Structure formats: structure tokens, C-alpha cells
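Enquirer: Below is the structure I would like to discuss, written out as C-alpha cells.
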Amino acid sequence: MRKHSLDRWLLTAVLVVLLSSSSSFAAKKDAKKKKKSNKEVTYDGTSLIIDGKRELLYSGSIHYPRSTPEMWPSIIKRAKQGGLNTIQTYVFWNVHEPQQGKFNFSGRADLVKFIKLIQKNGMYVTLRLGPFIQAEWTHGGLPYWLREVPGIFFRTDNKQFKEHTERYVRMILDKMKEERLFASQGGPIILGQIENEYSAVQRAYKQDGLNYIKWASNLVDSMKLGIPWVMCKQNDAPDPMINACNGRHCGDTFPGPNRENKPSLWTENWTTQFRVFGDPPTQRSVEDIAYSVARFFSKNGTHVNYYMYHGGTNFGRTSAHYVTTRYYDDAPLDEYGLEKEPKYGHLKHLHNALNLCKKPLLWGQPKTEKPGKDTEIRYYEQPGTKTCAAFLANNNTEAAETIKFKGREYVIAPRSISILPDCKTVVYNTAQIVSQHTSRNFMKSKKANKKFDFKVFTETLPSKLEGNSYIPVELYGLTKDKTDYGWYTTSFKVHKNHLPTKKGVKTFVRIASLGHALHAWLNGEYLGSGHGSHEEKSFVFQKQVTLKAGENHLVMLGVLTGFPDSGSYMEHRYTGPRGISILGLTSGTLDLTESSKWGNKIGMEGEKLGIHTEEGLKKVEWKKFTGKAPGLTWYQTYFDAPESVSAATIRMHGMGKGLIWVNGEGVGRYWQSFLSPLGQPTQIEYHIPRSFLKPKKNLLVIFEEEPNVKPELMDFAIVNRDTVCSYVGENYTPSVRHWTRKKDQVQAITDNVSLTATLKCSGTKKIAAVEFASFGNPIGVCGNFTLGTCNAPVSKQVIEKHCLGKAECVIPVNKSTFQQDKKDSCKNVVKMLAVQVKCGRGKKN
């Protein structure tokens, strides 16, 4: 028995040792693996250094709350395919802590999920923490409750603001650390930003502003997270913060890093101009963007971020004052996440060209030559080697210029830069687009646009409301960001002897408002509405009225279009009606601001009851819409989801101003009655993400402020970019895709490097029709080409032969392809090839 016991004991001991050794080996292996995945991020005067390697960084801003989690994977994937290796995002304090101490990291607020998706795609992350972000986002990302902290002043050396900011900053960064998302932990976050464009307000706070910036710098630096930190538009950023540039042309406007050991970083290269209600269409050409990026990299830049790369949607009430629901739609990826060509493709080619220059840019010695008034040569080379890259710039906006460099002559197009990754071969020119173009189409849905059965519920105009103020309550403080709407009521008496009797003398109500909009009623009669604009928020509403002897009752509805998102002393910004008077009385002007008490309440009854949801619908009595309704009316109907899987929109034809919900989800604010100088609404289509929709019986609820609208004119549409074009000149540089870099030499991938035009349909679609083709001097843009005075007659025939029925086609751009009889009726014309095709799925489309 003792022997058997001893044997068992020995066996157990051996097993313990073996298991212990195995566990120890596994632990060491895991530790080694973890250590290997951790990346140290440092920097010097040339670039960021990630895991010991210098990097050129092409980054794009994508904001997680401005798209849905279902959209994130495709948006991030397309960003990577566009040549980006980094995604930049703000962190939105008022999204994550809408109420003090109550946090939200779910749905569109799931920051961790968003960052992990970026990591899954093998990309880096730049985290712009705030606390203030601007971003055309309501209140600049600061939560409303912060305004009500006693004694607080935002963004300065203020105890209360710093205490709340530190708590927020530590909460976010601790969360990132817990999820091991910093590069030093093996995560994708390589760079952080604290504060945002502070120099714009610093002067207002004097020494307190300087103290605050130093405090913010010390706060993030003290957390020792293993990543560098930047401050944008902050040339005096304290060490170790890296001062970075924001703007359109940082290659010319950025004074450079404030220390020799800091790299040149560009945190915002604006891809377009954000739009506000009342704006006409605006755009920034991709040629200008490409020129600015090439120039920045030619002048020691090693990081650029496109703001925005995908703008997305300001869902619900999240936009800043007057900002449209659609955000940065002209970015390389449009509001729906579709590739906007040629902006997407031309920048992708730029990134390819810069990558061919990577070694010279990061390790070469910079040199500059100025051969002419409008020309410049910047190049990087390593003496004694073949490593060399050059940027030949022509700043003449009217004419091409010839530049002689290293024994060769190069013709450079007007206001452009040619990139030579070996100082010999031109692989890219910023003004010569060889990538395809697209035109976006909104196709009326057959499935969703069945006859709508609208039902309506109209808000009741309040009578006398409780209140003791002789001055109308400030509207931001009244609504507390719970609603866009605040009611004001007052009563005033007019003696019959004070009513005008003289012919031509009339009485008027005048309301001076600080913004944003208002509606007014006198004695139950609707007087009308007024509004300011993004540039001029204050306005005066004046209307002729009929007063009665005795008591008169005035009702005003103050309307917000979002909170301000910029400027100093934001916590003291005011809006809403401020001065109200009655003009035309024989006794003189009656100032209701001083002589009457004002009652208040906030919001619509429908909002409080949640009648934009299925559950809330039952709480009020809906009536059938008979074709006409007053203002402040709710409209509801049901619709089936639009066909296909394409992005869906609602077009708000016939409507005025208000809010949209689908299945309880806030689509955003619309404002069709605020026309641009072109006589059109700034935004017509409003994005309904597919994740908001069910196959059938989707609830549409609209709150409309204005009377006599026509909801029957609204419709649903699906979005595509099935109109695909090319516009290539015969003297253009062939695509950079022909080139690669091997053993420090730029080499052609193919035997024949020739100029071609490429047309490619999205998904599984194929080219179904050639809608336009001309080799000559055609004019116009994709979606609207016309023939010029010169055209090869066989142009369409050639394109049809190359392209019909194919998902992708490549067309040689040369005279021999289009002038098969070798006759050229316009020899002195430099030929352009313009092609427009339609993609589809045949009869099933």
C-alpha cells in the first residue's frame, strides 16, 4: 500500500511539474507575442516613427456618430482601398455623457467597436479627444449640462471646467487603455489630440488661456500612454505637444513645427466646405486638394488628414446652428459612403505616387531650385545612391511651363505638380485626372412610393403660461438641449383711445430676435415666421396686426437649429426673442419687453408623448389628412422599404421646416423653405440608413412647423453612382498604377506604359449603355457632356466595342484608336476623350 501511494505521489508530482512548465512556457510565449505586437510611437523632425520605422501617413476623418455601425465596415474598407492607412475621429463628449454621470457607448456611440474595426482593417487611428471639437456639431461636442455648472467658464483656466474636463479625459483614455487600443499596447491608436484650434479664442482669455493650454498638455502627457500628442492650429503648443496645421494649403500657410525635433503634420485638409441652410452648392476640386497635398509633402510634410474623408449625416438634432443634416457630402466618400469620383480615385493615385517616393522623402536630403518666376523644383536625394524623388511645380494658373531638371525637359500643366519618384519618370500630375468620374443618381422607388395614407395631429396653441420674467427667457437655457422649441406668451391691454384712427396709420408687432427662427400669433391668428442665418443670426420680425381694445394675447415660438459650435465664452452665448414692441399706437410704442410678464414652456406635446414612435402614436388622436393643415402639425404614414440594397433617401418636396423620424429614429432637421440664392433648398434628399428600415410597414413621422405644406409631393428614392465617366487628355501622364519600386528603382509593371481610360461599375453591375463618347474637344462634366467643334465620328463605336457588357473596360487614349482612317480634321486641337456609360443589371435592375 505504501509503495502504491508513493508511486501515485511521484506521478502526481511529475504531472504538476510538467503542467507548470507547460503553463510557464505558454505564458512566456504569450508575453513574447504581446511584446512583439506592441508598437512604440516616437517622432523626430522628419516623421512619426512607429515601431522603429518612419511612416508616411495618409489619414481621413470619419466620425462614428455620423454613420451607423452597419455602415462602418464598408466605409473603413473603402477608405483603405483609397490608399489611406489612418483614420482620424473626434470623440464626442455630449454623445457619450448627455447627462452628467450617465454614459453612452452603444449604437452609433460605440467608439470601441469603431476603433477595433479600423484595427481589423490594418489601419492606424488618430484620436481627437476634445474636450471641445467644433466639427459643426451642436455645442462643439460639449454637453449642455456643463453650462449649468455654477461659476464655469469653458476652455480657460477655470477650476470647474478643468475638473470636469479631466474627469472626462481620464474616463475616455482609461477606456481605451482597458481595451488595449493604444499602439504601445498593440492597438491602432498612434496619435492623440487635446483641445482644438485653441489659438482662435486664446486671445480672449489672455494669460488664463495660456495657462489652460499648458494644463491640458500636462494632463495628457502625465498619463504616459505611449503615443505623441498634437495641438492643431496652436503654433505655441507647449512641449511635448506637436503643433499641427489646419487649412486648405498648409504647404504655404504653415509656419512649421515650433521645435526642430517635431514633424510637419497636417490635421485638417478640408475636402470641401460644410454647408448651412441657405447656402448654394459649393465644392473644392480634387486637383486643388492633390496640389496642396503634393506641395506639403514636397516641403517636409509626412502626414496629411482629409477632413472629411466621409462626412455622413447629422442625425436627429446633432448639427450645430444652421448646419445642414447632410455633412461634407463632397468628400471622397459621399454621405452614403459611396466613392465620389474622381475625388476618390485621383487621391488614391496620389497616395500611390507618394509611396513610390517614400524612401527619398523619409531619408533623403531636401534641395530646392527656382528655375523661373512661377516654377519650382523640390527634390530629395541620398548622395552616392540612386535614391531620389522630385516635385516639379508650376504655379502659373494660366499656362503650362517647361522645367529643365537633371538634363531633361518636362512640360508641367498650369498650377500643378508633377511627381518623379526617381527624379526621372513622371508618374503623376496633380491636374491630370486619369481615374474615372461618376455622377450620382436619385431614382424614385417603385416599392416605397405607394399611395400614402397621411394622418395628422396638430399641436394646441398655448394660452397663458406661468412665468414671472419681464424679459423673455434666453432660449438655450430654456430648452436645455431637450428640444428645438420654446414657447413664450404674454398679454397686454390696449385702451380704445390708443388705437389709430388716422387713415394710413397701422399697428405692427415687432420682434427683435437673436436667432435662430420664430413663429408668432396674436389673439390666436398666425402672423408668420422669421429667421436669421448662419452669418447673421439676429433678425427682426415685423408684421401688421389688428389689435382689439382691451386685452390682447401674443404667443411666440422660439426655434433653435442647433447650439453654437465655436468662439470664446460659449457658455454665455444667447439666442431667442429679446425685444418685443407694438408700433402705431397713438400713445407711442408699447415695449412689451418691460411692461409685460412672460410665461414659458418647452417643446411640443407630441415630443413629450413620443408620438414619433409606435408606442407613442396611440397617445393622441390622429385625423385623416384632407389636403390642408395648419403649422405645428405632425404627419404620419407607413411605407415599405425601397427596393434593392442601395442607400435610401426621402426627398422633402412640398414641405417647409421641421424634423423627420423613421421607425422612431431621428433622420434629422429639414428646411426646404430657406432657399439659397439660386432659389432652391440647400438640401432636398435626407438619408435613411438601411438599418433604420424593416422590409414592410415602416413608420414615417414628420413634425412640420409651417402651414399649408404638401406632403403628397414627398417621395422616397434609392441612390446609385451608376453613371460612370472618363475625361482624359491625350497628353496626360499614364496612370501611376503602371509603376512600382524595387531595389531603390522605379520600374514599370507592364511592358507597355501607355495612357488609358478605365471605366468600372460597382458591385456586380455591368456596362449596359454608352450614353456619350467623343474624342476631340468635348465640353461639360460627367452627367452633362456635349460635343465640341472637334469629334472623331467613330468615338461611340469604339467605346461600345471595348466596354458594352463588361464590368470594367480599358480604352487606349491615342489618335490611332479613334482616327482609324488616319484623318484628323482638327490637327491643332489637343484631344480629350470624354465617355459616359450607364451601369446596371440588365432587365433586373
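The backbone N, Cα and C atoms fix where each Cβ goes, glycine too.
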Enquirer: Which one of Asn731, Asn814 gets the tag N-linked glycosylation site in Swiss-Prot?
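Expert: Going through Asn731, Asn814 one by one, Swiss-Prot annotates Asn814 as N-linked glycosylation site.
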Enquirer: Could you tell me which of these glycosylation sites, Asn104, Asn269, Asn784, has the fewest other Cβ atoms within 10 Å of its Cβ?
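Expert: So among Asn104, Asn269, Asn784, the glycosylation sites given, the one with the fewest Cβ atoms within 10 Å is Asn784.
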Enquirer: Across the domain 'SUEL-type lectin' (751-840), what does the mean pLDDT come to, as a whole number?
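Expert: Summing pLDDT over the domain 'SUEL-type lectin' (751-840) and dividing by its length gives 95.
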Enquirer: Relative to the Cα of Asn814 (N-linked glycosylation site), which of the glycosylation sites Asn269, Asn395, Asn784 has the closest Cα?
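Expert: Result: the closest of the glycosylation sites to Asn814 (N-linked glycosylation site) is Asn784.
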Enquirer: Can you grab the distance from Asn784 (N-linked glycosylation site) over to Asn269 (N-linked glycosylation site)? Cα atoms, rounded to a whole Å.
Expert: 29
Enquirer: C-alpha of Asn395 (N-linked glycosylation site) to C-alpha of Asn300 (N-linked glycosylation site): distance in Å?
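Expert: That comes out at 19 Å between the alpha carbons.
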Enquirer: Out of Glu197, Glu268, Asn300, point to the one nearest Asn752 (N-linked glycosylation site) in space (Cα versus Cα); all of them are recorded positions in the record.
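Expert: Of the recorded positions Glu197, Glu268, Asn300, Asn300 has its Cα closest to that of Asn752 (N-linked glycosylation site).
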Enquirer: For the active-site residues listed here, Glu197, Glu268, which shows the highest count of neighbouring CB atoms within 10 A?
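Expert: Highest number of other Cβ atoms within 10 Å: Glu268.
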Enquirer: Could you check which of the recorded positions Asn104, Glu197, Asn300 is the closest Cα neighbour of Asn269 (N-linked glycosylation site)?
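Expert: That would be Glu197, the closest of Asn104, Glu197, Asn300 to Asn269 (N-linked glycosylation site).
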Enquirer: Taking DSSP three-state, what's Asn814 (N-linked glycosylation site) in: helix, strand or coil?
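Expert: In the DSSP reduction, Asn814 (N-linked glycosylation site) maps to coil.
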